[in-house]
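Peer 1: What follows is a structure written as structure tokens; I'll ask about it next.
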């Protein structure tokens with residue numbers, strides 16, 4: 001228990017778990033100089049806007065440990081007290097690292113109170129390791145395949161490309177790891193390049209704000225949804241590339257910007273949204289063209305483009321819920337349970353589809369590689 005918690009307990013001798021807002025405000029006025037200015041501002045907003053006349057001790061503990069409950073956030077956002085200090089953008093004398101953190105806050109968070117909260121609490125420990133690690137592994141596998149196949153552009157047209165044990169192939173769909181490991185195989189440097197740029201430019205800032213667990217979940221959920229969508233909607237095609245995960249992250253981020261348009265303060269946001277949509281459309285168009293381009297090794301077609309759509313579906317459902325609830329418990333959000341249930345139902349349906357539908361439909365699948 002820290003010194004602030006011990007002081008707070010003195011105002012609750014009966015251990016009810018609450019203290020009056022008047023006593024709480026007196027405590028802040030007496031010891032507020034020892035707190036971060038932005039954190040003190042949030043506490044004062046909580047005291048001023050609490051209609052019940054009391055403060056929950058656990059809310060205070062959550063704040064001091066950088067964990068805000070949903071009720072704590074609502075107590076501030078539903079009140080009529082405005083944040084009195086100047087905006088984070090107006091602060092001067094910041095170091096390079098502080099300016100970077102402030103930039104990330106304005107790139108990803110729509111509320112000033114959340115931006116200040118993130119700015120005060122971010123420590124770069126741990127760093128955004130997930131997106132960087134995934135990118136390094138993808139590039140490493142691509143370079144390895146390029147050396148082995150002696151081809152870096154349109155590797156997918158090489159006759160030995162499909163023999164790799166990582167990509168998804170409809171004849172080998174019983175090998176469950178392929179539904180995830182296909183992200184380490186790309187059609188060529190043109191495919192890899194755009195995916196890597198998007199997942200670093202969008203994914204790393206999102207991971208810095210929301211953490212590796214949440215962003216990693218969205219990414220992997222998009223990857224799995226992509227391969228399962230292909231196994232249902234494009235049953236004869238293989239799948240390669242990380243587009244399912246990339247499109248899940250980018251779609252969630254763009255949807256969050258559009259839904260919070262007035263609150264997002266990133267520069268040139270209309271232009272940047274337009275550029276992101278153009279890049280996504282270009283990559284999707286390339287995938288559609290390649291899918292219907294005559295295959296170099298008939299009767300097996302080129303990789304499917306449906307994985308992109310599976311990623312988008314995850315991004316605008318699960319992804320948006322995660323990005324809209326910065327530092328909030330997802331299990332407290334009804335939309336989280338709705339979209340999670342929908343995702344689980346989709347996965348279960350896809351599993352049964354892969355077990356029974358292929359034989360019932362009597363499809364003519366391409367031969368195994």
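Note that Cβ sites are derived from N, Cα and C of the backbone, with glycine treated the same way.
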Peer 1: I'm validating the feature mapping. Which of 92-118, 335-361 is tagged transmembrane segment in TrEMBL?
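Peer 2: Checking TrEMBL against the ranges 92-118, 335-361, the transmembrane segment one is 335-361.
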Peer 1: Among 72-90, 129-147, where does TrEMBL put the label transmembrane segment?
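Peer 2: Checking TrEMBL against the ranges 72-90, 129-147, the transmembrane segment one is 129-147.
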Peer 1: Which of 129-147, 179-204, 216-233, 239-258, 270-293 shares the most C-beta pairs under 8 angstroms with the transmembrane segment (305-323)?
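Peer 2: Stretch with maximum Cβ contacts: 239-258.
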Peer 1: Please work out the mean pLDDT for the residues of the domain 'EF-hand' (1-34).
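Peer 2: Looking only at the domain 'EF-hand' (1-34), pLDDT averages out to 64.
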Peer 1: If we skip the immediate neighbours and take only residues 6+ beyond the ends of the transmembrane segment (270-293), which ones have a Cβ under 8 Å from one of its Cβ atoms?
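Peer 2: Distant Cβ neighbours of the transmembrane segment (270-293) are 156, 187, 190-191, 194-195, 197-198, 202, 234, 237, 241, 243, 247, 250, 254, 257-258, 301-305, 308.
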Peer 1: Rank the active-site residues 243, 308 by the number of other Cβ atoms within 10 Å of each Cβ, and give the residue at the low end.
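Peer 2: Per-residue Cβ counts within 10 Å for the active-site residues 243, 308 bottom out at 308.
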Peer 1: Restricting to the same chain and to residues at least six past its boundaries, which positions have a Cβ under 8 Å from a Cβ of the transmembrane segment (129-147)?
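Peer 2: For the transmembrane segment (129-147), the far contacts come to 155, 161, 164, 166, 183-186, 189, 192, 195-196, 199-200, 203-204, 207, 212, 215-216, 219, 242, 245.
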Peer 1: For the transmembrane segment (239-258), give me same-chain residues lying six or more residues beyond its boundaries with a C-beta closer than 8 angstroms to one of its C-beta atoms, as numbers and ranges.
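Peer 2: Answer is 108, 110, 134, 138, 156, 167-168, 182-187, 191-192, 195, 198-199, 202-203, 206, 215, 218-227, 230, 264, 266, 269, 273, 276-277, 280, 283, 287, 303-304, 307-308, 310-312, 314-316, 318-320, 322-324.
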